[in-house]
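Q: Annotations per TrEMBL:
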SIGNAL    1-22  signal peptide
DOMAIN    142-477  domain 'Peptidase A1'
ACT_SITE  Asp160  active site
ACT_SITE  Asp361  active site
Amino acid sequence: MFFKQLISSLLFFLAVLVVVAAAARPSSPTKFQYLNVKATKLDFNDGQILHTLNFSDAHRQVSGHKSHNDTFKLNLLHRDKLSHVHGHRRGFNDRMKRDAIRVATLVRRLSHGAAAVEDSRFKVANFATDVISGMEEGSGEYFVRIGVGSPPRSQYMVIDSGSDIVWVQCKPCSRCYQQSDPVFDPADSSSFAGVSCGSDVCDRLENTGCNAGRCRYEVSYGDGSYTKGTLALETLTVGQVMIRDVAIGCGHTNQGMFIGAAGLLGLGGGSMSFIGQLGGQTGGAFSYCLVSRGTGSTGTLEFGRGALPVGATWISLIRNPRAPSFYYIGLAGIGVGGVRVSIPEETFQLTEFGTNGVVMDTGTAVTRLPTSAYVALRDSFTAQTSNLPRAPGVSIFDTCYDLNGFESVRVPTVSFYFSDGPALTLPAKNFLIPVDGGGTFCLAFAPSPSGLSIIGNIQQEGIQISFDGANGFVGFGPNIC
């Protein structure tokens, strides 16, 4: 098993080196690459080992005078690492259903130019942590582990690049779902401070109320999940960095599919997100590398301008005033086998009404494209894979292959062409994924129910992605995980 995992890691490392090189040389894209079927299949079956994090005691504080060149780093974990912790495991179809709900929610919010109502709440600074993936929990979410309160209580938190709220389940619970760690008790924290109804922080929230002079919040999600409770200022510990007076939601009534995690760490572009609250301390900069699903490794989440890598391929972020929480990019086209697919560039453009466009989202697993663009991509891919045995469609996927018995297969590359010029060629395991333990692999793209395109986390896996919010850029590479 050790040698199989070693070979798999080396092949993936080489594949992503090709990706980064292709991004730097968009004029000569690679036409074909090899998918290591056996190793990827092993990842799907055997990658359910819990990764144990070593959480260091905080010994450093962040002040308003801290240089934004400092960085803070955390491990990023795929949520499947938590599946054994609480004994809750969902099948592939359930995960895809959850993903479809996530997409429907984004489409409902963004196709009508609606602001991020449920998430327009909080803001914070720069640090780092390991990131864990949530494919086994019914979603494609990723997790970090941070400390809440004083002394810090370690908690798993979902990261969400489309959310502007930081919240955690709190005692006493009127209704709380199952989580991996003990539920946070504000009575045990010396730094917990409730927020009054008349405070500026409370005024920045939507859907707030007042109870016994304390600011109450309520956040609901498109799948019926919700969190309700009181707003508070609390100390969060990220790695070895202590951040005081972070506005968080202390949820006493919570329901939904956050199983395993204690709450959510919003990384959106709004003022109440974790990034927003950190403000000048991080220079609006953060970087993440999402670990590939089903592996025993971890990715990283890093905050601060020092986290921005030298040698990355940078493209412009596009601001949507009607949805400031989301990170839009300029996608000009898609290539298959080194040849650009015939898709009009306006298919991916953000309209003057704030609709359509292309969003990068850590909470969506599978990339969605407008139906016409998806059909063009699919048809081009199937035309170049006619030698591979087909399999029936699975869940949201209509293009699948029976690769049982294969060691590796030669497949055409899939590339994103950006409006700024560069191209990003994906590793094969980022677009042809196993959907069962029997060797069925499917093209990991799906049609969008609207004109909105979403770059999901499966396509982002293994590639360092950096956001320079202050200057309006997103970078790819040069590092991998």
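FYI, residue positions are counted from 1 along the chain as it appears here.
From the backbone N, Cα and C atoms, a Cβ is placed for every residue, glycine too.
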Q: Which number gives the other C-beta atoms within 10 angstroms of the C-beta of Asp361 (active site), all protein chains shown included?
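A: Step by step: centre on the Cβ of Asp361 (active site), count other Cβ atoms within 10 Å, giving 22.
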Q: Would you count the other CB atoms within 10 A of the CB of Asp160 (active site), including those on all shown protein chains?
A: 24
Q: Between Asp361 (active site) and Asp160 (active site), what is the CA-CA distance rounded to a whole number of Å?
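A: So the alpha carbons of Asp361 (active site) and Asp160 (active site) sit roughly 8 Å from each other.
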Q: Quick one: average pLDDT across the domain 'Peptidase A1' (142-477), no decimals.
A: 91
